[in-house]
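Positions annotated as region 'Methylthioribulose-1-phosphate dehydratase' by Swiss-Prot: 1-242. The substrate 1 binding site annotation in Swiss-Prot covers 114 and is backed by sequence analysis. Swiss-Prot lists 132, 134, 207 with the feature Zn(2+) binding site, giving sequence analysis as the kind of evidence. Sequence annotations record features per position, and here Swiss-Prot assigns active site, proton donor/acceptor to 157 based on sequence analysis. The feature region 'Enolase-phosphatase E1' is assigned by Swiss-Prot to 279-518.
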C-alpha cells in the first residue's frame with residue numbers, strides 16, 4: 001500500500017526495521033503531531049477536519065532524508081486527535097503503519113490527501129516538517145491582489161521569523177491556483193518550489209498555505225509568522241495602507257503626473273485603461289553602466305569564489321548554493337556545455353568539491369550565463385563585498401532623481417534583472433546616493449523567467465496586479481528583451497547608455513539617453 005507512490009531504495013529497509021517503527025522516535029513524533037493538531041485547531045488553522053501536519057521521526061543515527069515520516073489522517077476531528085490516529089510512512093512515501101478503524105460515526109481511516117504535496121517538500125527541500133493550514137488569513141491574502149502570482153511584503157518585523165529574511169527584505173510567497181482535489185495541486189506546488197528556491201511556503205488561492213522547515217519548531221515558527229503577516233496585510237488593506245512598499249503609504253492615493261507614465265482624460269481623472277501604474281527597470285545598461293558589472297562585479301565574484309566557498313562551506317546557505325550548482329552542472333554535462341566539469345559527491349574531499357565548483361563557476365562567469373544557480377552564488381559573494389565596503393553600487397546620475405520623482409508621484413517602481421534579487425538589493429542599497437531601495441517596490445530575477453521570453457513579462461504583469469499589461473512601462477537596453485516585453489503588452493523604452501550594444505536599424509522603439517527624458 002502506497003500513500004503517494006515512489007520507488008524504494010536499498011537503504012529503506014534499515015529505516016523500516018521493527019525497532020525503529022515501534023521505537024521512541026516514532027512514538028514521540030506521533031504524540032507531537034496529535035498535540036500540534038489540537039493546538040492549530042485552537043488557532044483556526046485546521047477546523048472542520050481540514051488541514052494537516054507531518055513531521056520526520058527524528059533519529060540522530062539516521063540522515064534526515066532516511067528518517068520515517070508521521071502524517072495526520074484525513075477526515076478526523078483535529079481537536080480530538082491522538083497518537084494512535086497517525087500514519088507512519090517510509091522516507092519515499094510508502095505506508096508502513098495505519099491506524100485501526102474506530103466505531104461509527106467515525107469514518108474509516110485514510111492517509112491525508114496532502115501526502116503527495118508533503119512528499120514534494122520533503123524530497124525537494126529536505127524538510128523536517130510540513131504544515132498545511134486553512135487559516136482564514138491565508139485565503140484572504142491571496143484575494144487582496146486579484147490575479148497576482150505572488151504575495152509580497154516588506155519592512156515588517158515578523159518577516160525576520162522567515163528563514164533567510166530580515167526586516168528590510170522583501171518577502172515573496174508564490175501563489176498557485178486551487179483545484180477541486182488536493183492531489184491535483186501536486187505538480188503546481190512542485191513547480192513553485194523549484195521556481196522559488198528561497199521560499200519556505202506556497203499559498204493556494206482561496207484555499208490555504210503549505211509551510212515547511214528544517215524541524216517542527218522551525219516550521220511552526222514560520223507558520224505563525226506567515227499567518228501574522230497575512231493578517232497584518234489584510235488589516236493594512238482595510239486601512240488603505242500599502243503593505244508592499246517600505247514606507248507603507250496610502251494605496252494608489254497619490255496624484256499621477258502628466259507624462260509618458262500617465263495619460264489623462266478631459267475631466268482630469270486618469271484613464272484606467274491607458275495610465276501607467278508601474279515602471280519596471282533593467283539594471284545593466286539602464287540604471288547602471290555595463291562596465292560596472294563587467295569590470296567590477298563579475299571580477300569580484302570570480303576572484304573571491306574560492307575564498308567564499310571555503311569559509312562558508314558548511315553553512316546551510318552555501319549547501320543550498322552547491323545543490324543548485326550540482327543540478328545545473330549535471331544538465332550542462334548532458335548538453336555538452338563547454339567548460340563544465342563533474343562535481344564530486346558531498347562526501348568527497350572538501351578541496352576536490354571546491355576545485356570543481358570553482359572551475360564551473362569561472363566558466364559560467366566567462367560565458368556571462370544568466371542562470372539562477374550562478375546568480376544566487378554571485379549575490380552571496382557580493383554581499384560580503386558590500387558589507388566590507390569593498391564594493392559600492394553604481395547608478396547613472398539621473399537615476400536617483402527619477403526614482404524620487406516617480407516615488408513622490410505614487411508610481412510603483414520594480415527591478416527586473418538577471419542578477420539575483422539579493423544582488424539587486426545590495427546594489428541599490430549601497431550607492432553613493434545612499435540607500436535607493438526606499439523608492440523601489442520589488443525585485444524580479446530569473447526565477448520569474450528568462451528575460452528574452454514573453455512569458456516572463458506576462459508573469460510580472462500578473463504579479464503586479466494591473467488591469468492591463470499596457471499599464472506597465474519597461475525600460476531596458478536589450479532589443480530582444482524589448483521585443484519580448486512588447487509582445488506581452490508592455491509599453492517599452494530602450495535605454496541608450498555609453499557601452500551599450502548597438503540596436504538594429506528600424507527597431508521601432510522609443511529611445512532615451514537619460515531618465516530625465518521620460
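The count begins at 1 with the first shown residue.
Cβ coordinates come from backbone N, Cα and C, glycine included.
On the backbone, the CA of the residue listed as 'active site, proton donor/acceptor' and the CA of residue 114 (substrate 1 binding site) stand 31 Å apart.
In the three-state DSSP scheme, residue 114 (substrate 1 binding site) is classed as coil.
Following the DSSP three-state reduction, the secondary structure of residue 207 (Zn(2+) binding site) is coil. Proximity of residue 207 (Zn(2+) binding site) to non-local residues of its own chain (separation of 6 or more, Cβ distance below 8 Å) is seen for 134, 138, 139, 142, 178, given in sequence order.
Across the fold, the C-alpha of residue 114 (substrate 1 binding site) and the C-alpha of residue 132 (Zn(2+) binding site) stand 8 Å from each other. In the three-state DSSP reading, residue 157 (active site, proton donor/acceptor) counts as helix. On the 0 to 100 pLDDT scale, the region 'Enolase-phosphatase E1' (279-518) averages 93 in the predicted structure. Residue 157 (active site, proton donor/acceptor): 11 other CB atoms within 10 A of its CB, across all protein chains.
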